[in-house]
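Visitor: According to TrEMBL, the protein has these features:
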SIGNAL    1-23  signal peptide
DOMAIN    26-114  domain 'Copper amine oxidase N2-terminal'
ACT_SITE  D321  active site, proton acceptor
ACT_SITE  Y409  active site, schiff-base intermediate with substrate
MOD_RES   Y409  2',4',5'-topaquinone
Amino acid sequence: KAMALFHFTIFIISSIFVTSSSSFIHPFDPLTETELRLVHNVINKRYPVGPKHRFTYQYVGLNEPDKSLVMSWHSSRHHNVKPPPRQAFVIARENGKTREIVVDFSSRAIVSDKIYVGNGNPMLTTDEQQAATALVLKFKPFRDSMTRRGLNMSEVVVTSSTMGWFGEAKTERLIKTIPFYLNGSVNTYLRPIEGMTIIVNLDKMKVTKFKDRFKGPLPKANGTEYRISNLKPPFGPSLRDAIVFQPDGPGFKIDGHIVRWANWEFHMSFDVRAGLIISLASIFDIDMNKYRQILYKGHLSEMFVPYMDPSDDWYFITYLDCGEFGCGQAAVSLEPYTDCPANAVFIDSIFAGQDGTPTKKSNVICIFEKYAGDIMWRHTEAEVPGLEITEVRPDVSLVARTVTTVGNYDYIVDYEFKPSGSIKFEVGLTGVLEVKPVEYVHTSEIKEDDIHGTIVADNTVGVNHDHFVTFRLDLDIDGAENSFIRNELVTKRTPKSVNTPRKSYWTTNKKTAKTEADARVKLGLRPEELVVVNPNRKTKHGNEIGYRLLSGPVAGPLLDQDDYPQIRAAFTNYNVWITPYNKSEVWASGLFADRSQGDDTLNVWSQRNREIEKKDIVMWYTVGFHHIPCQEDFPTMPTLARGFELRPTNFFEQNPVLKTKPIKLTKAPKCTPKND
């Protein structure tokens with residue numbers, strides 16, 4: 001029977017892949033292999049690559065179509081309305097210059113081509129990072145240093161790191177490279193070779209600075225293994241095998257990149273910088289007998305990861321992961337049955353490599369129905385004479401997942417849709433700590449005032465750091481014209497005129513944000529409910545329809561405002577921002593994040609203090625973590641997850657899942673405890 005279920009599950013997945021391949025192209029579909037080849041051919045004619053003409057593709061993606069055209073096409077349900085023009089947006093490096101190029105597919109021509117002259121550089125490609133690290137491994141002064149340290153070059157690995165910006169007037173395309181010593185371990189990041197400065201110019205592909213201050217010792221390789229095949233007893237707790245199957249097949253359908261499930265419909269796409277993008281999410285209202293808009297577009301905008309060691313080996317480690325490395329470019333192929341459950345469907349991505357030719361990465365997205373024993377709603381009524389009524393509905397949701405591995409950290413990003421109308425956004429941190437070598441093996445040996453972290457193993461300190469994950473959410477709550485409400489919860493003294501023993505109560509003080517300054521929120525300072533409403537739509541009882549933000553645990557930046565990394569990442573100054581929709585305001589750290597100077601960020605845009613009441617508005621929300629490493633994080637870190645929820649508030653006339661029928665029970669083998 002188990003084998004039959006296994007084959008049945010595989011059959012379901014295969015059939016969905018067949019139905020999801022469609023010749024129809026949605027305005028938000030990612031660029032196809034054919035389109036990527038066309039882009040390459042068109043640009044190559046204008047900029048042919050040769051010995052004296054270097055041309056690299058740093059970013060290739062969909063050029064955002066005008067929102068009004070998309071909505072006109074979408075609201076017609078694709079009938080009798082021409083779809084928006086389809087174009088590609090390319091950021092390229094040509095002989096040391098950055099170009100922004102737009103290619104139109106209908107005319108098969110370049111319609112815009114301009115040189116970028118501002119601060120900052122485009123996203124790094126995987127190819128140039130690999131070329132830079134290979135260059136260092138062959139660099140004679142570096143090899144001589146390894147020999148002086150008594151290290152075997154065959155066990156030396158070099159990784160790339162962005163350099164940030166620390167007040168320099170001129171910023172070339174430079175990266176630092178960091179060496180590690182394996183010595184039999186595959187856990188690369190736990191054995192850094194410190195005391196070396198190695199800078200590579202990416203445009204010239206040349207080592208421009210090398211300095212060895214010779215610091216030691218190396219952290220030991222003991223206890224760094226994490227592959228189950230190489231671990232030895234005693235093992236951890238024994239977990240029983242489990243299988244997830246749906247005898248009637250999955251409850252969702254994929255048509256091209258459009259997903260339909262329960263009462264939800266949305267579009268999925270993939271971008272090399274953002275990763276997974278959710279667009280045109282709408283929910284079916286059974287009382288109105290129609291789909292209603294919720295989210296025009298939502299995705300990761302940036303991840304800021306500053307480390308808290310100001311020493312020469314560490315001060316520059318202040319990553320802007322999406323803008324520098326690409327959260328989509330760094331996405332990994334998901335493993336069936338472990339990264340995603342057995343009932344998951346997997347989706348591939350196609351993107352352009354550094355040379356502009358298409359590259360395929362398999363299984364970068366998985367989508368599955370999730371049931372973990374949670375309850376959607378329930379009630380037991382025992383007050384009716386002669387009756388005891390119990391009604392329960394299990395909570396089933398739909399999850400779209402990607403995993404991005406940027407260096408030592410793996411980020412699990414989930415978008416979860418619930419029949420109740422909620423959308424949950426969650427980021428899970430796992431992977432390997434970034435560590436530094438020290439001479440200590442015990443806290444009693446520490447001589448410095450601050451080692452900037454925690455001793456997690458012999459000669460190994462896990463360095464304190466932050467993770468700030470910023471989402472861009474273009475909400476269209478039942479239409480584009482929305483407002484942002486701050487319902488402050490305030491304590492009131494009971495009036496003496498009221499005959500009651502109660503002395504106090506709380507009530508709400510409603511404030512509608514007029515401008516961007518009114519809508520900058522640091523969560524946790526005071527109790528308030530944050531709601532995006534459509535002021536033009538009300539329920540039959542007169543309430544404005546809306547969606548409220550339910551935040552999880554919050555964290556804000558602790559760096560000084562004049563510190564260079566914080567200037568570049570000033571979009572983390574607040575947990576919540578509201579801006580008017582602007583097609584060009586997509587990346588919280590700016591379009592050109594590498595070595596940027598903080599002059600094109602969400603913080604800068606918001607200083608214009610534009611009007612946001614009854615406007616098409618965008619919410620920016622940052623999930624924050626202050627990470628003080630501990631020994632349990634070594635040698636791999638158990639997943640730490642945080643997120644937030646967008647939940648309907650007076651959006652429906654009543655509970656939208658009240659009439660949801662209980663799911664059909666399927667007989668399965670009984671689960672009873674078994675003694676080993």
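A Cβ is built for glycine as well, from the same backbone N, Cα and C atoms used for every other residue.
Note that TrEMBL annotation is computational and uncurated.
Keep in mind that what you see is a predicted model, and the values were worked out from it rather than measured.
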Visitor: Once the DSSP letters are reduced so that anything not helix or strand counts as coil, what is Y409 (active site, schiff-base intermediate with substrate)?
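Guide: Reduced to three states, the DSSP call for Y409 (active site, schiff-base intermediate with substrate) is strand.
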Visitor: Pop the mean pLDDT for the domain 'Copper amine oxidase N2-terminal' (26-114) in here, whole number is fine.
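Guide: Here the mean pLDDT over the domain 'Copper amine oxidase N2-terminal' (26-114) amounts to 95.
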Visitor: What kind of secondary structure is D321 (active site, proton acceptor) part of, going by DSSP in three states?
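Guide: It is helical.
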Visitor: Check each residue in the chain of the residue listed as 'active site, schiff-base intermediate with substrate' that is at least six apart in sequence and keep those whose C-beta is under 8 Å from its C-beta; list them in sequence order.
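Guide: Listed in sequence order, they are V305, L429, T430, G431, V432, H467.
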Visitor: Can you count the other CB atoms that lie within 10 A of the CB of the residue listed as 'active site, proton acceptor'?
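Guide: The Cβ of the residue listed as 'active site, proton acceptor' has 24 Cβ neighbours within 10 Å.
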Visitor: In the domain 'Copper amine oxidase N2-terminal' (26-114), how many residues does DSSP call helix, how many strand, and how many coil?
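Guide: Residue counts for the domain 'Copper amine oxidase N2-terminal' (26-114) by secondary structure: 23 helix, 32 strand, 34 coil.
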